[in-house]
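Report on one structure; see the data block that follows.
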Amino acid sequence: LTVSLPAALQPHQPFQIIVRYTTADGPAIWWLDPELTYGNAKPFVFTQGHSVCNRSFFPCFDTPAVKCTYSATVKAPAGIQVLMSATQSSYLEEEGVYQFYMEYPVPAYLVALVAGDLIHADIGPRSRVWAEPCLLPTAISKLSGIVERWLTAAESLYGPYIWGRYDIVFLPPSFPIVAMENPCLTFIISSILESDEFLIIDVIHEVAHSWFGNAVTNATWEEMWLSEGLATYAQRRITTETYGAAFTCLETAFRLDALHRQMKLLGEDNPVSKLQVKLEPGVNPSNLMNLFTYEKGYCFVYYLSQLCGDPRHFDSFLRAYIEKYKFTSVVAQDLLDSFLNFFPELKEQCVESKAGLEFERWLNATGPPLAEPDLSQGSSLTRPVETLFKLWTTEPLDSVAAASSVDLTKWRTFQTVLFLDRLLDGSPLPHEVIKKLSECYSSQLDSMNAEIRIRWLQIVVRNDYYPDLYKVRRFLENQMSRMYTIPLYEDLCTGTLKSFALEIFYQTQNQLHPNLRKTIQQILSQGLNPLPAIDTTAVTTDTPAMVLEDKVSEATNGAISLRDVNVSA
């Protein structure tokens, strides 16, 4: 859209442009029929602007380099609650009209709207939780009182929380990512409510974005690590303050394991492993989001903090950085120049040019992080995982008695998923091992949260362990979320169980959002001629005939699990 200004307009003279427009279906706006909500009562709509989708929502400068305030007027039917990422709101009940105003400048991708059958409860002096009525009691029980604790810890580290309220809205399972840091109103997928430790980490990560990403934003999508790496570092400082260093080290070990797994899949020379990624024309920046953005970025920030000698000195620097650049957008050089100016003794030592750890190399070299954090403070939690993993993977398998005595129900969630991820990396396992694993742990895992169960079910699939396949069917029949369906369908279609996957999809497709349905169709369509003939009569009924869409685009690399890529936004 090009607008020609009148010749008589003086330089710097204010002017107004009015654009009248309507939107069609676009990537930012997700419409849900009642059947795709938990309550099955009312339709639902939400927007997801990150990273360049909001241009389909409203006319905007869709770049993180440009920030502005905004106001919005939304009319909705009676009984539909409307929320936006705004500091002020009001409702005219007679007219069914909501008014919103964001008083601080934000980039376009942080403008967000949600509307549906939502009710709220206060969970702190400046926080409330919004959810469908059937989910609200669970959300309250999980978060009441502790969000304020996280906000207070963050303020003690990085200065005042500047957005006024910190509210959370839980969205239906069609929400395409885990969480999104929309200012004043974090969006988070309801599916995560059953996984307490993942809920804690994901919400604290979004709290950290209030400083790193929302207040100070990366000016270009080629440097997303400026938001994600700093937010991940801040998240771990907050969890250390509130839950202790051991828990933080355990979560970090789990994520770094996932980073190295992705490194093996992509190759060390893959350009997407750079912190400063080259964004080619026509490429959606969201395609560049991966664990390097988060974890390699975190490792660089952690390395900077270690140069200071004391993390509290680095906290002081970050407070000054936020104060200097809040409500603006920055590039990496702004951060690094500010760092060296804040610590002149480090500048004198030329730490930016230290052999093998040069700042430029951190930013532009492919491959794993140049240095990783010392996680020894988490050894009380990680050592039992390593011991149990060795018992199950050391031949000959003569330690089953010792291994089977371990009660996984007493472990933290991150310990269990770390153990299962390592078994998953080693799959396929010898048949005797997978058989004994199932005998020891399958019934324990059945009662655990979805983050744990999906990993065990992926192990079942990758090892073609037919006695537990019925659990895969049962899981997929009750899941409508991308993060709990895509990894299993990818694994089912990589091996010999594609006809089993087709049958489940045929039976469940109507409960899936059209976007998710299309993604699964793309996965199922790969190498469809011909389907391998296998005997699944022990665990399935006859596979119904099924026709996929004639034209589907190429699916993404199935080897890279979605849960390993989009941790949260």
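Glycine residues also receive a Cβ, built from the backbone N, Cα and C atoms like all the rest.
Whatever TrEMBL says is automated annotation, not expert-curated.
Per TrEMBL, these features apply:
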- HIS205, HIS209, GLU228: Zn(2+) binding site (BINDING)
- GLU206: active site, proton acceptor (ACT_SITE)
- TYR294: active site, proton donor (ACT_SITE)
- 380-524: domain 'Peptidase M1 leukotriene A4 hydrolase/aminopeptidase C-terminal' (DOMAIN)
Around HIS205 (Zn(2+) binding site), how many other CB atoms lie within 10 A of its CB?
26
Can you check how the pLDDT averages out over the domain 'Peptidase M1 leukotriene A4 hydrolase/aminopeptidase C-terminal' (380-524)?
94
Over all shown protein chains, what is the count of other CB atoms within 10 A of the CB belonging to the residue listed as 'active site, proton donor'?
27
Residues of the domain 'Peptidase M1 leukotriene A4 hydrolase/aminopeptidase C-terminal' (380-524) by DSSP state, where helix covers H, G and I:
114 helix, 0 strand, 31 coil
Can you tell me how many other Cβ atoms are located within 10 Å of the Cβ belonging to GLU206 (active site, proton acceptor)?
26
